[in-house]
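> So TrEMBL lists the following for this protein:
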COMPBIAS  9-24  compositional bias 'Polar residues'
COMPBIAS  106-116  compositional bias 'Polar residues'
DOMAIN    124-218  domain 'Ras-associating'
DOMAIN    220-267  domain 'SARAH'
REGION    1-28  region 'Disordered'
REGION    106-127  region 'Disordered'
Amino acid sequence: MGEAETPSFEMTWSSTTSSGYCSQEDSDSELEQYFTARTSLVRRPRRDQDDPVEWKIPNLSQAEIEQKIKEYNGQINSNLFMSLNKDGSYTGFIKVQLKLVRPVSVPSNKKPTSLQDARKGPGRGTAVRRRTSFYLPKDAVKHLHVLSRTRAHEVIEALLRKFLVVDDPRKFALFERAERHGQVYLRKLSDDEQPLRLRLLAGPSEKTLSFILKENDSGEVNWDAFSMPELHNFLRILQREEEEHLRQILQKYSHCRQKIQEALHACPLG
């Protein structure tokens, strides 16, 4: 880990699902297929029944942190230990489960042959002209080696960079999930929250706390996060939907008018 505190990675996959590349590059028809197949501009009711909850995060002294780390390491059955550093920070592992509904975008000329190959590729810094949409396996799991100072937005950016994903990081969000008394609670982490600190406070139990990467669906569309081709495509979709709605309305009133006229003709004169 350097000065920028970029998380290092040790990956494990709990899913054997194929990577599921679909050949869609930035032509008009393919972009339309991409967005109409997996996204909608109409806000729909959430199907996720998890309830939001706010956590109270205590400030621990250095002695309390040391004690917490000892207790944490004594409870795990693997070698994913936490380690205290001389500067008072600590390192450890967090597990992130991916629950992405939509495909992600990768450079079409950089498409890895498998998810494992993605780890060998370059970062996200190169300019991208053509894209290929790529479905990550459902419920894929990754263990990330991070610092206690590593922020949630850094975790998201590192995950995207690792798999050559060129989508804007603001399209994604890191959530924490907990089970309490038979109820499931879900909370979206702010950009500056520190996942490893939350992991230490909660202990190693995945029922007590787990991390999930999901689309950042807040109900408000962040248009600045989309590229120019994507925005133009949304305009085309809106125009097509508007035309379809107008056609249905005209057809409805035309049908109603026809029925009224038929009833008038059927009525006897006088």
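From the backbone N, Cα and C atoms, a Cβ is placed for every residue, glycine too.
TrEMBL entries are annotated by machine, without manual review.
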> Could you tell me how many residues in the domain 'Ras-associating' (124-218) are helical, how many are strand and how many are coil under DSSP?
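Here the numbers are 22 helix, 32 strand, 41 coil.
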> Can you give the mean pLDDT for the domain 'SARAH' (220-267), rounded to a whole number?
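Here the predicted model's pLDDT, averaged over the domain 'SARAH' (220-267), is 87.
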